[in-house]
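Positions annotated as active site, proton acceptor by TrEMBL: Glu407. Feature annotation from TrEMBL assigns FAD binding site to Thr129, Gly168. Taken from TrEMBL, the feature domain 'Acyl-coenzyme A oxidase N-terminal' applies to 24-123. Taken from TrEMBL, the feature domain 'Acyl-CoA oxidase C-alpha1' covers 265-422. Per TrEMBL, domain 'Acyl-CoA oxidase C-terminal' is recorded for 462-641.
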Amino acid sequence: MNSYIKPGDNPLLTEERKKCQFSTDILAAFYHENAQKIKRRHEIYQYYLENKELHDPEPTEFMDRYHRLENAERKVSLLKKHVKKAGSPLGLHYTMMIPTILNNADDEQKAEWLPKAQNLEFIGTYAQTELGHGTNLRFLETTATYDPKTQEFILNSPTTSAAKWWPGNLGKSSNRIIVVARLISNGKDYGPHSFFVPIRDPITHKSLPGVTVGDIGPKFGIPTVDNGFLLLNNVRIPRRNMFMKNAKLNPDGTYISPKHAKLAYGTMVYVRAVMIRTMSHMLGLASTISIRYSAIRKQGEIEAGKGEVKVLEYQTQQYRLLPQVARAWAFEFAGRYTRKLYAQFLGGDVDVLPALHGVSSGLKAVVTHQTAQGIEQCRMACGGHGYSEASGLPQLFATAVAGCTYEGENMVMLLQSARQLVKIASDVRKNQKPTKQNPVTDYLYKTSAATKCKIDQTTDPDPSSVIEAFEHVARRLTFAAFDKLEQLKQRGISAENAWVQCGVDLRRAATAHTRTFIARQFSNGILEMRDLPVQAVLKDLLQLYLFYEVLECDGDLLYDGYVIGQQIEYSKNNVYEALRRLRPNAVSIVDSFDFNDRELNSVLGRRDGNVYENMLEWAKSSPLNKHDVMPFHHKYLGKMMEDARQQSKL
Ligand SMILES: CCCCCCCCCCCCCCCC(=O)SCCNC(=O)CCNC(=O)[C@H](O)C(C)(C)COP(=O)(O)OP(=O)(O)OC[C@H]1O[C@@H](n2cnc3c(N)ncnc32)[C@H](O)[C@@H]1OP(=O)(O)O
Ligand SMILES: Cc1cc2nc3c(=O)[nH]c(=O)nc-3n(C[C@H](O)[C@H](O)[C@H](O)COP(=O)(O)OP(=O)(O)OC[C@H]3O[C@@H](n4cnc5c(N)ncnc54)[C@H](O)[C@@H]3O)c2cc1C
């Protein structure tokens, strides 16, 4: 029932696929939400295969940044002709420029800017972070001073640290951008607001007067994105270039406050909510690459004389890789919840914003961190070839790990999540009931149902016993942090300083709370699956996820005797049992992520499993191999060795 088998595949991979005990089509459709999306994915891939102009002239790993960016812009310009969605030089246009227009533009502005943005008549980005500030938005320095005489804003970067710094595609690609600047009107500073600012001529693309813009240089990864810097010197824009759906400024300079103070932060909440799926996909890509490779990589004999085995036979290899598959599924289910909540907010339910901010802050932090860790684990589990750019894993890691920083540095996001927990703990301590149902936090108002955890040695455990255990830990850590805050304040320490002195405990509580949320979404999510063989695979993945997470927080569970060591032993056995059950289907399960060879961008993860011959082809295409002897050899090493030989004759 594995529909990914094709003639000419590596027989080691085909034999794996023939062991498949479920329908990969049904599982793939469940992961991508429906069969229609799978069909569309296959159509786009087939289209890509047929249109060679969309292909890279050589493996991009061999290109310098200049040629990578040129190649990416070339493909993007072609994509406009072929498909609506475009690649990296437009990443921020789609993930932040358009959402900001949807989120912050009033109807008249939307009518003017949205069609042009969607039709790619301009390229935009979201320029908020500055050289001196990224986290602390209250202290952003760029100013937008209103001039009522001309009804314009005058934008300035008052200091070097005010330079916008990091925005993706700002350096060379974008020409109309969102600038977050302090709104100053009639001498009053209203804090950061968003403005629509032309920075390059629409025809010549030359930077406009008063604009200094450029690329910030090479980074840890994401080489095809021109993250840029921007300095503004008396740049004038019309009053109506301030996004005015939420806050407004009248022609005479009077300011009208937004309904909710944080509506301006809506784009960030959007990206945090939707990037969870992107992270799930990245972990799915890494799992696909490393598990397919582990199914064709033979290394070492288990029993002498019986021949080398696939490294996927080793329990340690399964323990490194299969939990990443489980987490990719867990993150997909968790992300569906935050996307639904965001849709509610975009639909006009402003009240949902605090809950959405609370859950998306913690989720973004935990998911990006575990995704980066998981990709690195997949890379290391591929041995030497995992370290080669041919595997696609180093670049995948470098791209994913940026998510721990952008859209809100992870530690800061966990502390934002902790704000919500502390407020609830305070209500509980005052015996106040929740003002409105919130399925994410209601458990905090309860006391631990079972004083003892119900994890026992049944090999078909009920997920609720594990989720209750996670709730118990999150509750304990939340109230422990809250009580410590209160004690510090009773000793006369300010609330702000007490908060800083409890930072690590607050971060631990937020992490435990987020783990509980993810586990609950995964457990609820698989209930929709009606096909029994596929449901069995999902239950094994859920069991693996839950008990793997138990082992990750065993100390917190043992801390107050909520579990005993024997139950940790049961949990370990449940992990091993889940690995055993999943092993025969491992390759088909990652096949069901349905990532094609273009998305995988990996010789190790190719669908056909023909790795070795393609590794050699890939290496041969290195520009270095255009020369048998490098042109500079005799100038340096050759001369050095010749001198050494001459020297030794003396
Ligand atoms: C189409 C395909 C998609 C694919 C998708 C692919 C994705 C993959 C590519 C992504 C590509 C991106 C590339 C990176 C793009 C950048 O990185 S854009 C820049 C991102 N920058 C940030 O995230 C800045 C982080 N900092 C902040 O958000 C704020 O400074 C902080 C940390 C929330 C603090 O803000 P603050 O105003 O000082 O607020 P604070 O005093 O802490 O709290 C005051 C109250 O506001 C609340 N609050 C704070 N923020 C919020 C909020 N956002 N909402 C609601 N309430 C809030 C607090 O909860 C608090 O409430 P109470 O507890 O008092 O009730
Ligand atoms: C690849 C990439 C793409 C990006 N794209 C964009 C973009 O398109 N547009 C844009 O505007 N920005 C973008 N950024 C910038 C990004 O949003 C910021 O880097 C991020 O918000 C972190 O802010 P910072 O760099 O100021 O880190 P800092 O806040 O300076 O973090 C440094 C350390 O200080 C700690 N810290 C800071 N404040 C607190 C606090 N209150 N409590 C406890 N600890 C604290 C942090 O946890 C961290 O450990 C991008 C960044 C990257 C890496």
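The chain as shown is numbered from 1 upward.
Cβ from N, Cα, C; glycine included.
In TrEMBL, annotation is done automatically, which means it is predicted and not curated.
Features recorded in TrEMBL, as mapped to the structure shown.
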residue : record                       : Cβ neighbours (10 Å)
Thr129  : FAD binding site             : 19
Gly168  : FAD binding site             : 25
Glu407  : active site, proton acceptor : 23
Cα distance (Å, whole number) from Glu407 (active site, proton acceptor) to Gly168 (FAD binding site): 12
Segment confidence, the domain 'Acyl-CoA oxidase C-terminal' (462-641), expressed as mean pLDDT: 97
The residue listed as 'active site, proton acceptor' versus Thr129 (FAD binding site) - Cα distance in angstrom: 10
Composition by DSSP (helix, strand, coil) of residues within the domain 'Acyl-coenzyme A oxidase N-terminal' (24-123): 77 helix, 0 strand, 23 coil
DSSP three-state assignment (helix, strand or coil) for Glu407 (active site, proton acceptor): coil
